[in-house]
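The block underneath contains the structure these notes are about, expressed in structure tokens.
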Amino acid sequence: MGASGRLLRAVIMGAPGSGKGTGSSRITKHFELKHLSSGDLLRQNMLQGTEIAVLAKSFIDQGKLIPDDDMTRLALHELKNLTQCSWLLDGFPRTLPQAEALDRVYQIDTVINLNVPFEVIKLRLTARWIHPASGRVYNIEFNPPKTVGIDDLTGEPLIQREDDKPETVIKRLKAYEAQTEPVLQYYQKKGVLETFSGTETNKIRPHVYSFLQMKVPETIQKASVTP
């Protein structure tokens with residue numbers, strides 16, 4: 001457990017559409033943690049044209065997963081720059097070999113699992129439509145266009161991204177479940193897994209904050225409670 005003067009090593013997990021990305025950003029800002037997102041890390045390396053990014057891109061272009069060894073090397077290399085910081089990992093580890101490799105180098109204090117029912121996520125993601133030219137995003141449930149399928153400003157048709165089509169969403173969720181279930185079981189056995197269940201991210205977040213309040217070293221919290 002995090003104690004005063006100790007650095008926090010945390011991981012956040014959740015399916016695509018669970019609110020993990022937004023949640024991570026808010027948590028890291030509130031508690032002044034370093035946020036290491038595997039997606040951001042890959043994009044940053046691709047911009048720099050690093051050797052590992054070129055390798056990773058070749059797998060992504062073929063629709064394959066980046067091998068565990070390469071993903072682990074990338075994440076651990078970045079974590080070397082954060083030895084004096086408390087951090088939250090987002091998108092890594094994604095597989096059991098990655099979790100085991102991380103464990104050999106760092107002791108993970110807590111793993112936050114955002115458990116949102118797949119049916120809710122499916123509705124959330126498939127309700128999203130975009131106007132390609134401007135990037136404007138509509139949500140049929142919360143922010144619908146004035147006319148179904150039409151952009152409010154230009155009158156041009158809206159499209160649904162391939163990733164947001166129902167059949168793709170179901171496939172992504174099943175792939176996530178198959179890949180991460182062993183990771184969740186691994187952390188459960190270690191006694192560091194904390195699962196937060198619900199259908200609305202805004203209602204889950206306060207419980208995550210309360211839990212982290214007990215975990216985050218006091219030295220970090222002082223800054224976040226100072227007006």
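Going from the start of the chain as shown, residues are counted 1 onward.
Any Cβ shown, glycine's included, is placed from N, Cα and C.
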Which range of 89-126, 127-164 is region 'LID', per Swiss-Prot: 127-164
According to Swiss-Prot, which candidate in ARG6, ARG9, ARG172 joins GLY17, GLY19, LYS20, GLY21, THR22, ARG128, TYR138, ASN139, ARG161, THR201 at the GTP site: ARG172
DSSP helix/strand/coil residue counts for the region 'NMP' (37-66): 22 helix, 1 strand, 7 coil
Collapsed DSSP category at LYS29 (N6-acetyllysine): helix
Spatially closest candidate among THR22, LYS29, ARG161, LYS174, LYS203, the listed recorded positions, to SER37 (phosphoserine) (Cα to Cα): THR22
